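Undergrad: In case it helps, Swiss-Prot gives these features for our protein:
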{"type": "BINDING", "residues": "45, 46, 47, 48, 49, 50, 51, 52", "note": "ATP binding site"}
{"type": "BINDING", "residues": "64, 73, 76, 79", "note": "Zn(2+) binding site"}
{"type": "REGION", "residues": "385-441", "note": "region 'Disordered'"}
{"type": "COMPBIAS", "residues": "394-404", "note": "compositional bias 'Pro residues'"}
{"type": "COMPBIAS", "residues": "416-425", "note": "compositional bias 'Polar residues'"}
């Protein structure tokens, strides 16, 4: 007796046997029951979700000897022949192998003949999107008005490739990909009926690897049965799929949570020795993190497939804060997205896990715990005294002056500690900058520390450190949020961007125009004229010379293209209306820089404001403090008046 694979043996024989796709089955069953049967159906969806199976069930319901029904008998000759694939009036066509227009025409030549055995002649065209354009054109007329005894059932995995004229002539049903639980439940039912031993975790792995396709899941199950010597075991499925078992993936998660870098690298070496698929490793860890998060939300969310590691999963759900869990999940998720760009897949996984360790939320600060009790040992390492800089080779400690007072050292260490906790510590730029900060004479930083120490001597030094909890070290970026908000109040980002791009904001342009009106009578007169924008540019780029009713405008030669007879007439009319007398206007080209035009007045005022802005920035106490203590460099070219 020949063996029949599970995917063929367990093909649905009734609508009730179909897994999922209730939205499609309900519509088809109601149509068959009511007798409202369309002449063309299109089933679309990914591979292995039941497109061809549902089409055959529909053909069985149309040609059952008991009548058109949603529940065919399955015992009549027509039903049995359809199940066996030898029903003469069910013509199945593989469009991928018959793409030529001649094949389509041969098919349509037989449409006119009545069915030989059944009630309807059913044409089942699989992968219909593979037909050529000419084949679609040949099919259009028949598909729109077929004979009463003909039904078309089309199936495709890519409906976007079908012409809209074909889509408009069909009832389209899109079949959804099955979820993991639906596939797992069906596999469990089939294996129980086949009396094959199986493990819940193995079915979970097979269901996830099927990626929504029940046919793929059954094919993988056949392979797993062969690999497991007649049973479906987790070990055999993991080896077949190239995935880690739960214990190894969970051990990696535990090592990351415990910030145990050596354990992480050891587990990665073990995974490499097994020839693991690296992306599958990240997927498995992400799946475990998801299950832990679900257990935190609902303790009953842990299914029976996790029985072997249930205790460890619940312990992680109890001890790991939800915020930390989300951080690990996001880190691994981003690492998986960046994996194709890594020089090597293993390298990408290692860097992802190292990133998770680097951003460990509960990582202690790099400094030892001893400064919390006493800051005295910190003084020699926190501040480099001047003699150490001048005599680096002197071994005798007597040559160095006395260290800073204990209170000053405590304040310095506390300040450094608080800066690290708040995320404001900046990397020093260069060694010369470090040397300039350690000048032995007139060091205002030391003077400031001395003044601060007088104010904090009465306060216990350890209290300064207690204000910075170590647990929040990983969330340094939050400290920058108020700074951004305060900047937005001063000027909008759009205005600042325009200013830095050498563009004047509308507010600044209005100020410059107002001041130009105060300084230049001709600019004031232009502001009172009612002119089109193009004509106004003529007036703004010229200076006026008047003798009685004769007005001469001296236009810059670079703007000669603005001068036209129409512009002169409109400008003369506007001047006449403003003065109440007839003005005789002439325009000549003149590049004399001694007299400014209104636009040149605005530019001159802008230069004055720019010079004032530079002086104000340079003289600002805060800027001077930054330059003195942090060796900041002022980019004067970026200064713009706002």
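Each residue, glycine too, has its Cβ placed from N, Cα and C.
Just tell me what is around each of these and how deep it sits.
TA: Residue 48 (ATP binding site) falls outside any helix or strand according to DSSP and counts as coil.
In three-state terms derived from DSSP, residue 73 (Zn(2+) binding site) belongs to neither a helical nor a strand segment and is classed as coil.
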Undergrad: Measuring Cα to Cα, how far is residue 76 (Zn(2+) binding site) from residue 45 (ATP binding site) in Å?
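TA: Rounded to the nearest whole number, the Cα-Cα distance is 31 Å.
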Undergrad: I'd like the number of other C-beta atoms within 10 A of the C-beta of residue 50 (ATP binding site), please.
TA: 27
Undergrad: An 8 Å radius from the center of the 45, 46, 47, 48, 49, 50, 51, 52 Cβ atoms defines the neighbourhood of the ATP site; name the other residues of that chain inside it, in order.
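TA: In sequence order, the nearby non-listed residues are 43, 155, 157, 175, 213, 215.
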Undergrad: List only the single closest residue to residue 52 (ATP binding site), chosen from the binding-site residues 64, 73, 79 by CA-CA distance.
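TA: Checked the binding-site residues 64, 73, 79; minimum Cα distance to residue 52 (ATP binding site) goes to 79.
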Undergrad: Specify the count of other C-beta atoms within 10 Å of the C-beta of residue 76 (Zn(2+) binding site).
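TA: The answer is 15.
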Undergrad: Rounded to a whole angstrom, what is the C-alpha distance between residue 45 (ATP binding site) and residue 79 (Zn(2+) binding site)?
TA: 26
